[in-house]
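*Asks:* Grabbed the feature section from Swiss-Prot, which reads as follows:
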COMPBIAS  108-117  compositional bias 'Basic residues'
COMPBIAS  118-128  compositional bias 'Pro residues'
MOD_RES   Ser64  phosphoserine
REGION    1-44  region 'Required for interaction with NMDA receptors'
REGION    2-39  region 'Required for membrane localization'
REGION    64-83  region 'Disordered'
REGION    98-128  region 'Disordered'
REGION    146-166  region 'Required for internalization'
REGION    146-269  region 'Required for apoptosis induction'
TOPO_DOM  1-9  topological domain 'Extracellular'
TOPO_DOM  31-269  topological domain 'Cytoplasmic'
TRANSMEM  10-30  transmembrane segment
Amino acid sequence: MVMSQGTYTFLTCFAGFWLIWGLIVLLCCFCSFLRRRLKRRQEERLREQNLRALELEPLELEGSLAGSPPGLAPPPPPHRSRLEAPVHAHSHVHVHPLLHHGPAQPHAHPHPHHHALPHPPPSHLSVPPRPWSYPRQAESDMSKPPCYEEAVLMAEPPPPYSEVLTDTRGLYRKIVTPFLSRRDSAEKQEQPPPSYKPLFLDRGYTSALHLPSAPRPAAPCPALCLQADRSRRVFPSWTDSELSSREPLEHGAWRLPVSIPLFGRTTAV
């Protein structure tokens, strides 16, 4: 079968297009691979630099604490050979008098300033210490709350449930904070707890409520009118004087009890 010129041209263009497209895809993959490799190398270099910086930081801290700026070793004393010569000469000069006077004794160095520590650098050259090199404060800052570990160590066991139940008005506070001094805590412990005593200890809670025990015959009409005139205020405002001077309510099946304030602790908590 003989292909026509048009078919041959079409197949050639089709194959060339896909070949060129494949070459472009391969080139893009190769470029992305090179980019990732370069990025990995750069990250490794940065990691090595960070590790070196972390390794050198303790040395810098030691240098700054010794008095020299970090990163720079204390310079050697200048003209060391020149300084050694007079020292040896001076020692040779003093050999003969020591031999005449008695046994050899350790001779003090005549020039102690030669071996003295280097002077601390000026303030504008010194670098402030790192945050972790600051000395720990002996006393905690009173304006800030303690951390979790200190709070756990300072916390006291909770009080027994029975002791909480005996609290009359929910004023139980047994918290000794570290911010209070020992004197204040001792004074608070010496003071007795306040006693809340309900009134009318000789009577029960039902003594203030005058409920009808048994049905009684209704009062006549004039008595009803007088009783209505006496108690026109359905919700009277009770005071101490009224409580002392007011007579107890009359019992009767026809009248609802008037609410009287109860003193002391109620059952509703």
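Yeah, the Cβs are placed from backbone N, Cα and C, and that goes for glycine too.
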*Asks:* Sort the residues of the region 'Required for membrane localization' (2-39) into helix, strand and coil with DSSP and give the three counts.
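*Replies:* Split into helix, strand and coil, the region 'Required for membrane localization' (2-39) gives 35 helix, 0 strand, 3 coil.
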*Asks:* Taking every residue in the region 'Required for internalization' (146-166), what is their average pLDDT?
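*Replies:* A mean pLDDT of 70 is what the predicted model shows over the region 'Required for internalization' (146-166).
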